[in-house]
Structures are given as structure tokens and as C-alpha cells.
Amino acid sequence: MQLVIAAVGHKMPAWIESGFGEYAKRMPADCRVHLKEIKPVERSGSKTAETAMALERAKIEAALPKGARIIALDEHGKDLTSVQLAQLLTQWQQDGRDVAFIIGGADGLDAEFKKNADMLIRISSMTLPHGMVRVLLAEQLYRAWSITQNHPYHRV
């Protein structure tokens with residue numbers, strides 16, 4: 001099983017790339033985290049936010065592994081504890097499907113994409129920079145894995 005984080009946005013600051021890379025490299029080979037950056041659609045006077053999100057949806061879908069479980073990050077998504085994420089990670093590893101976490105662009109994710117996602121989750125009730133969400137999600141995936149392994153990284 002591979003974990004894919006598909007994120008709309010590119011040209012992140014070095015500290016974002018470094019933070020993401022730190023947690024991604026800690027993951028074991030059978031549960032690697034891969035980042036797929038999706039170039040955002042340029043907003044202009046002729047393109048509404050809805051049009052841009054629909055165009056980004058097509059780019060996201062093209063970048064995802066076939067048959068992957070789709071977990072969309074959204075402000076209205078379900079709150080998960082680290083332990084709950086660890087339980088989901090265990091289930092996902094058992095069924096063997098790849099899992100794709102989707103981070104939308106400046107306007108979020110297309111409504112149709114969210115409707116078709118297997119699950120909506122949120123990282124925080126607060127608004128966060130999209131680059132930081134990459135780092136936080138990678139850290140939480142590593143934490144979830146460490147919980148499943150009784151690794152001392154996660155302390156209760």
C-alpha cells in the first residue's frame with residue numbers, strides 16, 4: 001500500500017519541503033508517503049472559483065493511483081484523533097488499496113470531488129496555510145504508523 005498526498009500548489013518554501021521530507025522518510029517501505037504536486041489553475045477575471053476548482057479536479061484525478069481510496073481534506077470533514085487515524089491506517093493496510101489524501105487549492109476542492117470521496121477529514125478547525133497542511137498530514141501519518149507499531153514516538 002502506498003500513501004499519496006496530492007496537493008494543489010507548488011513552489012513551496014524550503015522549510016515546508018524539509019518538514020514534509022523528514023516525516024516521509026521515516027515511513028517504512030511498505031507504507032511510503034508520496035507527494036504529488038498539482039499545479040494550481042490560474043485565477044483570472046474570466047475564470048470563476050468553481051471553474052478553477054473543476055479544472056483542478058481533473059488534474060487531481062489524473063494524478064491519483066487507479067482504485068485508490070480517496071480521503072479529501074476539507075474544513076467540514078470529520079475530526080480524527082491520532083489513534084483513530086492509526087486504526088484506519090491498520091484497516092487500509094489490511095485491504096491493500098492505495099490511499100490518496102487530497103489537499104485542495106486556495107478555493108478548496110470541487111463539490112463533486114468531495115461528494116465522490118470515500119471520506120472527508122479535517123486537520124484543524126483553524127485555517128492553515130496549504131503547505132503547512134502537507135507537513136502536518138505527513139507527521140500525523142507517521143504518528144499513526146508509530147501507534148500501530150507501539151513505537152515510542154507517540155506518547156499518551
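Cβ coordinates are placed from backbone N, Cα and C, and glycine is handled just like the others.
Residues near Met126 (S-adenosyl-L-methionine binding site) in space but far in sequence (CB under 8 A, at least 6 apart, same chain): none are found. Taken from Swiss-Prot, the feature S-adenosyl-L-methionine binding site applies to Leu73, Gly104, Ile123, Ser124, Ser125, Met126, Thr127, Leu128, supported by sequence analysis.
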Least Cβ-crowded entry, counting other Cβ within 10 Å, from the binding-site residues listed as Leu73, Ile123, Leu128: Leu128
Cβ neighbours of Thr127 (S-adenosyl-L-methionine binding site) where a neighbour is any other Cβ within 10 Å: 7
Other CB atoms within 10 A, centred on Ser124 (S-adenosyl-L-methionine binding site): 12
For Gly104 (S-adenosyl-L-methionine binding site), nearby residues of its own chain (Cβ under 8 Å, 6 or more apart in sequence): Val8, Met53, Glu56, Ala72, Leu73, Asp74, His130
